[in-house]
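**Student:** Structure provided below as structure tokens; questions to follow.
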Amino acid sequence: MRDPAGEIGWVVTVGQPTLEPLSPGVTRVLEDEKDKEEKSPLVMEAIHLDEKPPSNAENSFKKHESNKKGALTDIEKLYQAVPQLANVFRIKGKIGEGTFSSVYLAIGHLRGGREEKVALKHLIPTSHPVRIAAELQCLIIAGGQDNVMGVKYCFRKNDHVVIVMPYLEHESFSDILDSLSFEEVRNYMFNLLRALKRIHHFGIVHRDVKPSNFLYNRQLQQYALVDFGLAQGTPETKVELLKIIPSETQQRSSAYHKSPLTMGSQVTSPTSRQLVHQSATKTANKRLSSISQTQIKQGHKRKEDPDCHCVQRSVFGEKNFNVRSSAFQGRSTVKQPRIMDIPVRKLSVKKKATSVVNNGLGKKAASSTQAHLTCDCYAKDSVCTICLSRRQQVAPRAGTPGFRAPEVLTKCPNQTTAIDMWSAGIIFLSLLSGRYPFYKASDDLTALAQIMTIRGSRETIQAAKTFGKSILCSKEIPAQDLKKLCERLRGKTTNFDNSAGDVQMHPSQEFPLTVGIGNVSDSAFHASKKHIQYQKQSTHEDGGKEKKTLQKSSDPKGWDRVPNSAYDLLDKLLDLSPATRMTAKEALLHPFFRNVKQ
Amino acid sequence: GSADQKVKSKLKNPFLKVEDRRCRYRPFYLQLSSFPVVNYSNPRPCSPFDVEKKNAHGQKHIHNKQRNPTNSDREKRPNQVPPKHKRRKGYCECCMKKYEDLHAHIESEQHQKFAKSSQYQVVDDIISKFSCDFLELRENTPNVKRRKCNV
Ligand SMILES: [Zn+2]
């Protein structure tokens, strides 16, 4: 499976739960989902996409026809939901589908009569109006420049909102990863960082930076960062509406999907997590509602210390989601009795799936006075009923596991634009190593374990201290040299003129490089064959440069001449500590980008 | 009190445990059957953390693709989307309510009331500032005459 993140276009907002790589414990539930998917009307959809776009008359005829058959295609449903669309656009087909939106390709006519392709993003009708408005505001304020997607128009009918954006035809990252030249990679990163510099300048944390949200047209050398559906504001954000989207709401992804699943041998109960998130979302939405009703601009700054959530009422006067005080419990029981069930897990650590047991103890132990009780499990390889009955920390974690920064994975409540820089580093890691997705994890701690495998356990633990987290790892894993790692993973076509001793063998890992080195002629042949293919594709672009490269280098794509500055930049983007991680602005000035053509 | 009933449990290796340094929150942890290892022998562009059976890589890959045609389909046609994944369950931010069936929920009285409410003023305020570059097709006379859209 090459692309769990989904290259289906560009609104794959949160890691699509039904497509994510599955840990063994969750497989059954999700496979049921897949079975259902496979039965969906593939054929109908395909035919529809190939059809001539319907005119209004055709469209209503078709509606009639399919109504008779009892099934409407997605396009027809969209025309029905937002009838104004039919007056302006011919919708050609669906080009993307994520958890919170679907994207369609459509054609409209500009004033001069010229046709223009647009992308229509249809938001899920359960989105809160303030969230919708915040996404629009991001596009308006930051978009349309420096590789950030802009917006042309927006349609609404009731709860259906469709955002009209310029269409950029784009590559699938996994399809082109193998054929990119080193120079293309440099340009790609430069342009990604330009987009991030721009949104960070406006105080927008994107939260879901990954290849499918960074459109890339190789031929035109055009780029666009898309999808602000999960964006959050920094305390200084210039996008006013982001200030009134409490970050808790961003967890709608977890509230949606992670709920009924048990994550392998993780004892933390997903059910309880879901309930906490659910109540968090509720509270957050109360804020949203009250604000959108009154339209008051609040100078509310989200408090970073989560303690203030549990003792005080928030400035909006609602109860706090993170409390398990008996008062709150009593009040909530009327409406939502389940939310206040405090699940105390039976400590069945040897079992794969864990059972949730409500023994009453948890309720007592979790009352606000006892929530701070300490036990002797801290930084030790044990857990007990005391520490497990504490309330769960709620921190934003929307996004895709493999792209989440360590501070996101460890639920650090104070998250900054640095989390996007980490994600950019992960993309860079994919580009340099030729591996995508690089990390493959269905849950946060597996992702963290994989990060530790690359960046070192000691280093990760040390960095986590700087953001208030203690990580205990049963195994010490050394940090990898990024250059050696990437070159080995790329399975260099090159190293034949470099010293082979450059690559350090790790005794514990099997390393098939010997095979590669043994067959130098084979790999050289392979490389030249690939190069011919690539030249065919790209005669128009970079012709001159390619020739130059050919003369200087044995690898036409320049992969034998990756400067050390590349790995230095990678190291600074994958800084485990968010406080020292390189910013987009700094990264653009990094020596790696010297002489990059803009 | 709860201390009497305290049950302690040792984590089984290998594990990863994360906790707040001020001990205010529940620790969370992961026990694995084995710690992840960078697998250099996974074929490009596969993740080095792809867990494939060592002996039967290729076979397993093929097997996976056969089992999951939607995914391989997507790889071939990146610009089009395979049939809809019916995600019916979810949470409505408008109604602050969990639902089992998206369409049923959207058509529910509560949601419809919200959908037609003034809550969307915040969106309309933004929309009112847009100007539309596109021409409106006249009803039932497409491609003949167009006027500026006014929706
Ligand atoms: Zn609703």
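Placed from the backbone N, Cα and C atoms, the Cβ positions cover glycine too.
Nobody curates TrEMBL annotations by hand; they come from automatic prediction.
Source: prediction; values computed, not measured.
Heads up, here are the entries from TrEMBL:
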REGION    A:46-66  region 'Disordered'
DOMAIN    A:89-593  domain 'Protein kinase'
BINDING   A:LYS121  ATP binding site
REGION    A:253-272  region 'Disordered'
REGION    A:531-561  region 'Disordered'
COMPBIAS  A:538-560  compositional bias 'Basic and acidic residues'
**Student:** Is it possible to get the count of other C-beta atoms within 10 angstroms of the C-beta of A:LYS121 (ATP binding site)?
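**Tutor:** Excluding its own Cβ, the number within 10 Å is 27.
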**Student:** Going by DSSP, give the three-state secondary structure for A:LYS121 (ATP binding site).
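**Tutor:** DSSP assigns A:LYS121 (ATP binding site) to strand.
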**Student:** Give me the mean pLDDT over the domain 'Protein kinase' (A:89-593), rounded to a whole number.
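**Tutor:** Computed over the domain 'Protein kinase' (A:89-593), the mean pLDDT is 74 on the 0 to 100 scale.
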